[in-house]
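J.: Attaching a single structure in structure tokens format; questions to follow.
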Protein chains: 2
Amino acid sequence: MDKQKAIQDFKALDEKITHFQSISGLADWDQKVMAPKKGRAQFAKAIGTLRTEAFKISISDEMGRLIEELNSDSVELDEMAAAQVRERKEQYDRFKRIPAEDFKEFAILTAQANDAWEHAREHNDFDHYAPYLEKIVGFRRKFAELYGYEAHPYDAVLSEFEPGLMVAKLDPIFAKLRDTSVTLLERIKKSPNQTPSEIFNQKYPIDKQKEFNRYILPIIGFDMEAGRLDETVHPFAQTITIGDVRLTTRYLEENVRSALFGTIHEAGHGIYEQNIDPKYEGTVLAGGTSFGIHESQSRFLENMVGRSRAFWSYFYPRLVEYFPEQLANIGEEDFYRAVNTVEPSFIRIEADELTYNLHIMVRYEVEKALMAGELEVHELPAVWNRKMEEYLGIIPATDREGVLQDVHWSFGGIGYFPSYSLGNLYAAQILNTLKKEVPGYEAAIAEGNFAPVMGWLKEKIHKYGSLYRPNELIVKVTGEELNADYLAEYLEAKYSEIYKLS
Amino acid sequence: MDKQKAIQDFKALDEKITHFQSISGLADWDQKVMAPKKGRAQFAKAIGTLRTEAFKISISDEMGRLIEELNSDSVELDEMAAAQVRERKEQYDRFKRIPAEDFKEFAILTAQANDAWEHAREHNDFDHYAPYLEKIVGFRRKFAELYGYEAHPYDAVLSEFEPGLMVAKLDPIFAKLRDTSVTLLERIKKSPNQTPSEIFNQKYPIDKQKEFNRYILPIIGFDMEAGRLDETVHPFAQTITIGDVRLTTRYLEENVRSALFGTIHEAGHGIYEQNIDPKYEGTVLAGGTSFGIHESQSRFLENMVGRSRAFWSYFYPRLVEYFPEQLANIGEEDFYRAVNTVEPSFIRIEADELTYNLHIMVRYEVEKALMAGELEVHELPAVWNRKMEEYLGIIPATDREGVLQDVHWSFGGIGYFPSYSLGNLYAAQILNTLKKEVPGYEAAIAEGNFAPVMGWLKEKIHKYGSLYRPNELIVKVTGEELNADYLAEYLEAKYSEIYKLS
């Protein structure tokens with residue numbers, strides 16, 4: 001066996017798939033952000049063709065043969081090559097089980113489902129979206145059977161987003177998170193020291209919001225020469241290459257927080273990708289290592305940084321310059337407390353740090369039931385509303401504010417949502433280590449210097465791309481495996497102080 | 001032989017290549033219009049991979065076998081299938097001669113050369129661009145040898161843009177066009193009845209220009225739900241699908257004509273593509289039939305329509321509303337004469353209808369010499385300037401205004417420029433027929449009704465896509481082969497009237 005030749009051939013295949021994904025990533029972004037209406041249906045077919053081609057290469061006989069050759073005990077690979085083989089092997093083993101025709105049909109379906117979802121959301125018309133969603137659930141259930149699983153069909157799709165994640169592991173973690181959250185929420189509701197959230201009940205002109213969002217991005221570490229910021233119904237971050245990472249946000253005149261924290265959140269994803277070591281460019285390693293770790297970076301930037309005293313110590317005086325009328329007579333401390341208002345609400349991406357996880361519980365439970373065949377798509381709106389009432393005490397008046405709010409299912413991402421709460425758990429654990437290793441980071445932020453915190457994240461997490469598995473990485477960074485206590489402690493400490501809880 | 005199976009397989013391959021080209025078209029557009037700087041070099045590699053893949057399919061053994069099977073006398077194909085086979089066969093026969101490695105290298109080179117050209121143009125630095133251009137010329141000469149040719153190496157690349165076009169055919173046509181243009185130009189220069197072109201020596205605010213450009217596009221027939229208008233250094237039209245055709249233009253405060261006629265020109269290309277019969281979507285026929293015919297549509301809309309009395313009879317009062325200060329006290333007739341000012345100038349895309357063809361002569365002759373190895377890239381600026389003086393009587397002060405002005409060479413389009421003058425020739429011939437068949441079209445335009453003229457073009461030309469060859473199409477539309485007299489007659493009549501020549 002010619003090992004060097006095998007490595008070379010493997011790397012060429014890896015690069016080809018990566019190139020195709022880079023381009024289909026751009027194509028997706030374009031359809032959501034730029035493309036005119038009338039071309040979308042036809043272009044969805046073209047994207048389907050490209051995805052199918054990448055898919056075929058990733059499960060080709062050549063790929064199988066090379067993985068087998070390079071995965072043998074007798075072959076020693078450097079750390080990078082070994083990680084490339086590991087990632088492609090996982091995909092190969094998973095995708096090999098899906099018939100090419102199903103894959104293509106699924107790719108076309110999800111491209112079209114995005115349009116259907118946008119339409120349904122705009123017109124509050126769940127029935128318009130339901131037939132697409134039914135097909136998507138059908139495919140995901142079929143894929144779960146094809147992937148195989150030990151205990152629960154949901155396990156099979158969960159591990160697409162977080163390798164090794166299972167219902168058996170999540171159920172107790174999420175149950176605990178739910179219980180502590182509900183208890184803390186009750187204490188907050190009863191507190192006589194409520195936050196002055198009414199300062200957000202004003203109009204904040206959209207052009208000024210845009211300017212402010214563009215102003216903060218480079219300061220917090222997002223490189224505008226290696227990315228863009230655009231607008232979409234549902235904010236997202238899309239990597240084209242390490243040097244081209246695109247964010248979107250959504251401006252609402254009556255809700256200045258929406259774009260602001262949405263942008264910071266997506267910037268957390270984007271900075272992670274921009275900071276990956278360029279030596280991984282064009283390989284499967286040129287991306288975040290899991291959805292959970294990715295969300296840890298976006299949620300960290302949005303909440304642990306973006307909703308911190310230090311952050312607003314620097315940015316609040318600047319924000320006042322953009323909105324002098326709206327913020328007249330409002331002090332920095334009041335503003336800090338207001339951005340940390342805890343209040344049950346309908347829209348997940350605008351939820352506070354505490355109730356956010358309860359939104360995830362709703363999704364986790366309905367996805368689990370959909371995958372198990374215990375829930376039908378047409379029952380979703382009713383079940384969604386019932387769970388919202390149970391966990392958050394509120395019922396959405398419309399599906400637009402309820403089951404139709406999120407884009408994820410339209411691209412087939414059943415199994416994605418748990419990553420958000422996992423991201424919150426990781427983020428709190430990472431924060432705990434950061435505080436020990438970079439004690440001056442908050443003082444620097446208060447001076448507008450994000451280099452200590454972002455530099456640390458880059459060195460510890462970002463630059464590695466997908467070199468390490470999420471479970472390896474969290475141990476490497478924090479010295480221990482996922483520990484759900486940190487988030488509970490963080491939330492207890494933060495809100496006890498803000499709401500002056502006893 | 002199973003004919004149905006062969007047709008089905010052929011159509012699937014045709015569709016796959018079309019899908020890949022649709023996506024690489026989007027990728028090209030994005031790099032020029034949207035992409036941030038830092039990602040471009042890496043993304044150029046990804047585009048190279050995609051193009052190479054499409055190229056490989058177009059010259060695959062399977063394609064060769066299917067073309068051979070379907071091209072046989074014993075197989076009867078419907079008109080559409082026969083045209084698809086004809087187009088793919090021509091590509092197969094041409095591309096089959098180019099080694100895959102050359103093709104990939106050329107694709108990467110041209111993606112990078114676009115950036116180099118943009119930089120060189122911006123900084124008036126021909127030397128920065130020269131190494132890329134040398135490589136591009138080297139490739140084009142190599143391709144000419146591989147394609148083969150009878151008389152002149154330029155013939156081999158000319159026919160990429162206009163099937164069957166040759167130096168032996170062009171030389172006499174262009175010589176005659178040059179002579180009549182130079183003579184007419186001399187008469188115009190001596191006319192005592194010059195046009196009031198000084199009305200353009202004013203500033204026209206860019207935001208108002210943008211509004212006006214967006215205002216006219218749908219009226220002249222460009223469907224904004226099936227396209228976009230953006231900004232680039234060099235205006236172009238890019239088809240993604242029939243339902244997604246994107247135009248770009250360039251706004252100059254001190255030159256209102258630049259964006260205006262640039263937009264109308266690109267709209268001519270765009271409307272052609274938007275009007276193609278949807279049944280050709282996803283096939284090789286879903287595009288204009290040649291560059292010459294394409295330019296006939298853009299030049300027709302820009303000049304025969306956009307610089308006509310009827311056009312400004314409708315739009316001039318509207319233009320005055322956008323620019324009341326600039327156009328105060330200027331009458332419609334003066335404005336009409338001013339937009340038809342003949343004056344030697346440096347920039348081709350801003351040239352008047354008459355001198356335009358002389359710009360093409362400069363390019364035609366240097367390209368011919370480059371392809372014959374009679375001219376080196378480093379000699380280009382000097383030769384360019386000498387020819388400009390010879391034909392137009394003016395010398396560019398900088399390469400930015402001279403040899404660096406056009407994008408075409410950076411994408412490898414040596415052989416493209418003659419299509420522009422060919423387009424002018426076709427356009428005048430088409431106009432002659434239109435006048436006979438739709439006598440009321442000008443009266444309709446004067447009322448803002450473009451349906452008669454655009455509907456006729458759609459029915460006679462646009463809807464067919466590439467079903468007919470350019471030489472077949474021109475006969476089908478006008479009843480005769482390319483006849484260079486119509487353009488000479490058109491120019492003579494138009495300018496005799498405007499300049500009151502004797």
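Note: Cβ is positioned from N, Cα and C throughout, glycine not excepted.
A TrEMBL annotation is a machine prediction, not a hand-curated record.
From TrEMBL, here are the annotated features:
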ACT_SITE  A:E266  active site, proton donor/acceptor
BINDING   A:H265, A:H269, A:E295  Zn(2+) binding site
J.: Short of 8 angstroms on C-beta distance to chain B, which of the listed recorded positions (A:H265, A:E266, A:H269, A:E295) are there?
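T.: Correct list: none.
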J.: What other residues of the same chain, not counting A:H265, A:H269, A:E295, have a CB atom within 8 A of the CB centroid of the Zn(2+) site?
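T.: Near the Zn(2+) site, the remaining chain residues are A:A237, A:E266, A:G268, A:H294, A:Q297, A:S298, A:R299, A:L301, A:E302, A:G423.
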J.: Round to the nearest Å and give the CA-to-CA distance linking A:E295 (Zn(2+) binding site) with A:E266 (active site, proton donor/acceptor).
T.: 9
J.: Give the number of CB atoms, excluding that of A:H265 (Zn(2+) binding site) itself, located within 10 Å of its CB.
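T.: There are 25 such Cβ atoms around A:H265 (Zn(2+) binding site).
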J.: Give the number of CB atoms, excluding that of A:E266 (active site, proton donor/acceptor) itself, located within 10 Å of its CB.
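T.: A 10 Å sphere around the Cβ of A:E266 (active site, proton donor/acceptor) contains 25 other Cβ atoms.
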J.: These are the binding-site residues: A:H269, A:E295. Which one scores highest on other Cβ atoms within 10 Å?
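T.: Within the set of binding-site residues, the most crowded position is A:E295.
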J.: According to DSSP, which kind of secondary structure is A:E295 (Zn(2+) binding site) found in, if we only use helix, strand and coil?
T.: helix
